[in-house]
């Protein structure tokens with residue numbers, strides 16, 4: 001299977017992506033992360049109104065292979081949570097960059113160390 005990394009997103013070496021639109025960021029996990037996790041069976045996400053701090057844990061993704069903590073790449077306030085992925089975690093694998101997003105955040109602290117799609121592809125493909 002060919003993994004895709006949309007050019008309009010920014011990536012982190014921890015395999016999250018973010019879509020910045022003004023001062024709002026949509027966070028999710030990359031196709032590479034989905035591929036490594038396997039079948040996702042449970043997702044725990046913060047509540048709307050929760051504050052995120054860079055580097056702090058904000059949720060968990062559980063698969064048949066592993067339980068992985070999610071760490072905030074930025075600071076801000078959660079303004080939306082994707083209830084669809086909580087109810088149906090497999091939605092993350094079906095469409096990680098679309099309907100499989102995790103949270104939307106009103107950004108107060110921008111992340112550092114963001115990678116372009118090309119740089120992220122090179123990282124995960126070992127080039």
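Note that Cβ sites are derived from N, Cα and C of the backbone, with glycine treated the same way.
Residues or ranges marked as domain 'Lipoyl-binding' by Swiss-Prot: 24-106.
Within the same chain, the residues at least 6 positions away from residue 65 (N6-lipoyllysine) whose Cβ sits under 8 Å from its Cβ are 36, 37, 38, listed in sequence order. Residue 65 (N6-lipoyllysine) falls outside any helix or strand according to DSSP and counts as coil. Taken from Swiss-Prot, the feature N6-lipoyllysine applies to 65.
For the domain 'Lipoyl-binding' (24-106), the mean pLDDT of the prediction comes to 95.
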